[in-house]
Amino acid sequence: MERRIFGIETEYGVTCTFRGQRRLSPDEVARYLFRRVVSWGRSSNVFLRNGSRLYLDVGSHPEYATAECDDLSELVVHDKAGERILEGLLVDAEQRLAEEGVTGDIYLFKNNTDSAGNSYGCHENYLVGRHGEFSRLADVLIPFLVSRQIVVGAGKVLQTPRGAIYCISQRAEHIWEGVSSATTRSRPIINTRDEPHADAERYRRLHVIVGDSNMNETTTLLKVAVTDLVLRMIEAGVPIRDMTLENPIRAIREISHDMTGRRKVRLANGKEMSALEIQSEYHSRAAEFVDREGFGPVHRQMLELWGRVLKAVDTGDLSLIDREIDWATKYQLIERYRAKRDLPMSSPRIAQMDLAYHDISRTRGLYYLLERNNQVDRVAHEPRVFEAKNVPPQTTRARLRGEFIRRAQEKRRDFTVDWVHLKLNDQAQRTVLCKDPFKAVDERVDKLIASM
């Protein structure tokens, strides 16, 4: 597949601290957050002018799904734009609460677990051809995805019966199946529910739900770029060593608990390999593939970073990657603080730091403190992020959806949209079906807009 459509869906954690008598439940806090959305969209499930979807998911979790992107850097920009949109809702909600006499702070966390042990996800979407054998895709991808956490995990302080330990992945403890059609009940690595949001005869949507939510833009870019490379190798028929895991679910937890990347996990053929060895195998195949096929600068930069992360894990020298990779950045931050204050990993202050790293408020969040102090690298520069809050990607179907929404709102027309339909709710109930996610220009949509 020459071009590929990508998308990221992120569920956010919500909590609120109060200083007065009145208390609000998480459901009520979520309703305050979405009050402005509901006032213009008449729903807590809306599509925005930038082509994205914003909605309140199960369990009062705000969720933002980026518009369809065919460019990796643009995907990162749109993921960050979603963060900024939610930050704006947070500021509005706090002002509204203050006007009503409720004193408190609302927090939105771009992480994957709350203090009660609940998990919420960051789902990656990759458009793949229908003609390929999906089961083979999953077979090759699962060992890659299980071990990928040592490269792009978000890091977590995990309380265990033997004390607190620092883990590489937040999501690893909450994955229960390899491949499944459910997302909440069983939490698989790859979700197989067949919803391509495109021409079902031509495409499938690979829905990866094993990944962590990343604060660092470079980690997000790396996560999607290396997965895209592995997909392209599979699609091109590149021979990849059989590293099928005997028990992917046990392996994902064992790998997460070992920052050295050296702990061996058992393969289905009885052999054993470490996460470092598994990732190195994929990386060396990818390096040959990129050299042979010729890729653009983004894939080449991410291939270099992938190798550098593996070197950092191998040598234990996290200074090689602590500006770019979330789990390393957070670990170094926590370790410096612990050394200064002589604190154990189990200290409540460390748990608080772990959470504060993921606070999306730019005035309060620990990650944004590092960003202000130029201690982390960026790939999505702020003017582009600001523009992406309102402007859809211009080379995919998202452009049609965004333009339709913008014009309908300006003309005060009642409309309904989803990923594939654009509908004017007038007497004629005119609807355009947009099955091709690569198509950014469509005469039928132009006519529908002109008729408003």
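All positions are counted from 1 along the displayed chain.
Every residue, even glycine, has its Cβ placed from backbone N, Cα and C.
Keep in mind that what you see is a predicted model, and the values were worked out from it rather than measured.
Some features that Swiss-Prot has for this protein:
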type	residues	note
ACT_SITE	D57	active site, proton acceptor
BINDING	E9, Y55, E63	Mg(2+) binding site
BINDING	R53, T66, W419	ATP binding site
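Recorded features from Swiss-Prot, shown on the structure.
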| residue | record | DSSP (3 states) |
| --- | --- | --- |
| E9 | Mg(2+) binding site | strand |
| R53 | ATP binding site | strand |
| E63 | Mg(2+) binding site | strand |
| W419 | ATP binding site | coil |
Between E9 (Mg(2+) binding site) and W419 (ATP binding site): CA-CA distance (Å): 13
Check the binding-site residues Y55, W419 for other C-beta atoms within 10 angstroms of each C-beta and report the one with the most. W419
In sequence order, which same-chain residues at least six apart have a C-beta under 8 angstroms from the residue listed as 'active site, proton acceptor'? E11, E63, Y120
If you count Cβ atoms within 10 Å of the Cβ of R53 (ATP binding site), leaving out that atom itself, what do you get? 20
Take the mean position of the Cβ atoms of R53, T66, W419, the recorded ATP site. Which other residues of that chain put their Cβ within 8 Å of it? G7, E9, F47, G51, S52, A65, A67, E68, A398
Other same-chain residues whose Cβ falls within 8 Å of the Cβ centroid of E9, Y55, E63, the recorded Mg(2+) site, in sequence order: T10, E11, R53, L54, D57, P62, Y64, A65
